[in-house]
């Protein structure tokens, strides 16, 4: 096939993000994007994608002059007139530039270029203008400075002022790109990162540094993103809404878990009782009911718990921390859920209704107790005489009869 036909530009294989969309990507998503874009760029270099400009067959100007003429922006402004917009020679050792940020478009300014795999061989010299390499890949220019030129040929590269420099245009071998992807190494654990900022963030795992503080409760975080998520507890913001039922959540992860309920996806099954769960950690926590394991222990009173969250709540008994305050009466509570229930004493709200008799209650737990009147359930049995009760408090009162205490 003629190489001037069926040409491929980088635009055909890239994905664009707006600045707002880019900022919303988490570090792992940005790394994935970077890897894919570099992979595509490398692949384009390994196939015949060169596009010739027939008009340049008749153009015999100096290559540098031609470069200044044909390295143009989409609005046809010569690159020299754009100054700092071009930026700098990009160095993959220190940075990665999103392939959408610099909207350059440039065409080949030489005669028809015969693709040759030897272009990727840095040990081979090339003669004359046929070796001037200017690959058309659309949206970004990636350059790598080389210490030496080949066969006296001058290769064009542009700095902030748009001046031509005597360096070879960036033609990367696939492996070389891979080596440059993660140049930042953690001195504690040797883990490698693509960005210096990710390395700095990672090191906080080792140092324990938590530079981001909540201005409401003074809790600190190692990452700014975690602080932003935490602050939704105070603001009540729930930006993630279920399209099925409209229920909103503070975190996207909670929405994903919730949506599994609609899809009835509960892939994790308990081998003891057959109960299924949407997440593996839920199964792990549930299995402690069967094993009796309580791995979370209070360092104040040695009480143990199935869940870490229950331990955290319990520890507030010892610290006396009650950060949730009622705006009506000033009473404070350890948990936000306790405050919500308390507020119903002021509003009179009773959202839990008995399906048998229509009686309403302010708390779900009270409704459960009430339902035992209709079902006749009495789960609390006296070990001495076998008498059963619907409430634990009534069993406790009854047991005093056996030990001789006055009720």
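Placement of Cβ uses the backbone N, Cα and C atoms for every residue, glycine included.
Note that this is a predicted model, so its numbers are computed, not measured.
According to Swiss-Prot, the domain 'KRAB' annotation covers 8-83.
Sequence annotations record features per position, and here Swiss-Prot assigns SUMO2 cross-link to 74 (among others).
The SUMO2 cross-link annotation in Swiss-Prot covers 114 (among others).
What Swiss-Prot records for 145 (among others) is SUMO2 cross-link, and it gives similarity to another entry as the kind of evidence.
Sequence annotations record features per position, and here Swiss-Prot assigns region 'Does not affect nuclear localization pattern' to 171-404 based on similarity to another entry.
Residues annotated as zinc finger in Swiss-Prot, with sequence analysis given as evidence: 184-206 (among others).
Residues or ranges marked as zinc finger in Swiss-Prot: 212-234 (among others). Model confidence over the zinc finger (212-234) stands at 85, taken as the mean pLDDT rounded to a whole number.
Look at Swiss-Prot and you will find 240-262 (among others) tagged as zinc finger, backed by sequence analysis. As a summary of secondary structure, the zinc finger (240-262) carries 11 helix, 4 strand, 8 coil according to DSSP.
Packing against the zinc finger (268-290) from elsewhere in the chain are residues 257, 260-261, 306-307: each is 6 or more residues past its ends and has a CB under 8 Å from a CB in it. The zinc finger feature in Swiss-Prot is assigned to 268-290 (among others); the stated evidence is sequence analysis.
Taken from Swiss-Prot, the feature zinc finger applies to 296-318 (among others). For the zinc finger (296-318), the number of residues in each DSSP class (helix H, G, I; strand E, B; coil) is 11 helix, 4 strand, 8 coil.
Outside the zinc finger (324-346), and at least 6 residues removed from its termini, the chain residues within Cβ reach (under 8 Å) are 233, 313, 316-317, 362-363. Positions annotated as zinc finger by Swiss-Prot: 324-346 (among others).
Taking H, G and I as helix, E and B as strand and the rest as coil, DSSP gives the zinc finger (352-374) the counts 11 helix, 4 strand, 8 coil. The feature zinc finger is assigned by Swiss-Prot to 352-374 (among others), with sequence analysis given as support.
Look at Swiss-Prot and you will find 380-402 (among others) tagged as zinc finger.
Beyond the ends of the zinc finger (352-374), by six or more residues, the same chain brings 341, 344-345, 390-391 to within a C-beta distance below 8 angstroms of the stretch. Helix, strand and coil content of the zinc finger (212-234), in residues and according to DSSP, is 11 helix, 4 strand, 8 coil.
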